[in-house]
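**Student:** A single structure is presented below for examination.
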Amino acid sequence: MACPVQFLCRGIRTVGLVLLYYAFSIGITFYNKWLMKGFHYPLFMTLVHLTINFCLSALTRRAMQCWTGKPRVILSWTDYLQKVAPTALATALDIGLSNWSFLFITISLYTMTKSSAVLFILFFSLVFKLEEPNPFLVVVVLLISSGLFMFTFESTQFNLQGFSMVLLASFIGGIRWTLTQVLMQKAELGLQNPIDTMYHLQPLMFVGLFPLFLYNEGLSLSTSEKLFRVTELSPLLYSLITLSIGGILAFGLGFSEFLLVCRTSSLTLSISGIFKEVCTLLLAAALMGDRMNMINWLGFAVCLCGISLHVGLKTYYSKNKGPSLRQLNSKSPELELPLLRLNGDDSAAEFNDEDEEQEITLH
């Protein structure tokens, strides 16, 4: 049995990981909204972020390979195009439309509408038989749907175009995360480590989003004085630096989510995500001037109840069923993150004290 000091250290570590996740997640949301006020090329911004993510994930893979001495997985072209491409396309559209919507809507409306992704994730999980149907899912759907309706009802800052973009992104996000779960569960592909998954997804995401970028932003961006027709060096450097910051935040978000799940549990990430939504809305009201009436706040509370019920149900059912191929044990060497060990074997021994079983879940 662990001593109080170990419990205290584990608690401090968990709080630190949650705060790190909050910093990247909330930071990139406000960054995107801030950048879109003066840089009206969300698809180009997304392409830059994808490029940076690929470079950073490639460097991380190289460092992990040098540390462990084991080669990282590289898929064949057949598996890459047939099995990774659908996930990459769905992910690119989800992220691209989400960033695009910041041109039209507030952070609060974006945050609330994006929460509806749980509905679509549930739907596609049932279609792909990743979830077992139960009557409580009807309650979850009703709570989230009614909460979303109440939030958008008589909203003074409602924009139909931006709302439609986020709703479509949430729908595609349901497909995205379902396909991602299927992809990571295929043991023969060897993509259980999200760093490897990120590395393989980014190039196809870039290719999938590039035609939409050319159609919508290619001409206007080619004549923009902020990038391709600059007359001075300082505006170009400013644009490149600000875009690079977003790419680093995007990579940090993915890595912090992975780190939080590995060092704690997927339940911790799910619960943290609920409180993150609250923090985002409060910050949006305080810093960005987003206006919300009592009905909007009540709708948000109802939606959070639905999401909380969904998290609780997944926790209950995962604890009352036997181990399956969908579950990853936190003691797996692939998930130990050797680059993050502080004291060699001592840290590894502490990490192995974790008795929570990790499961690839849909967030």
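Cβ atoms are placed via backbone N, Cα and C, with glycine included.
Whatever TrEMBL says is automated annotation, not expert-curated.
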**Student:** Of the ranges 75-95, 159-179, which one does TrEMBL flag as transmembrane segment?
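**Tutor:** From TrEMBL, the annotated transmembrane segment range turns out to be 159-179.
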**Student:** How about the transmembrane segment (199-216) and the transmembrane segment (135-153): do they have 3 or more C-beta pairs under 8 A, pairs 6 or more apart in sequence?
**Tutor:** no
**Student:** Could you please provide the mean pLDDT value for the domain 'Sugar phosphate transporter' (15-309)?
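**Tutor:** On average, pLDDT over the domain 'Sugar phosphate transporter' (15-309) sits at 83.
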**Student:** Taking a Cβ cut-off under 8 Å, which residues six or more beyond the ends of the transmembrane segment (236-255) line up next to it in the same chain?
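**Tutor:** That would be 21, 24-25, 27-28, 31-32, 35, 39, 45, 48-49, 51-53, 56-57, 60, 194-195, 198, 226-227, 230.
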**Student:** At a C-beta cut-off of under 8 Å, are there same-chain residues at least 6 beyond the transmembrane segment (159-179) that contact it? List them, or none.
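**Tutor:** Sequence-distant neighbours of the transmembrane segment (159-179): 86-87, 90-91, 93-95, 97-98, 100-105, 109-110, 113-114, 116-117, 119-125, 127-128, 130, 152, 362-363.
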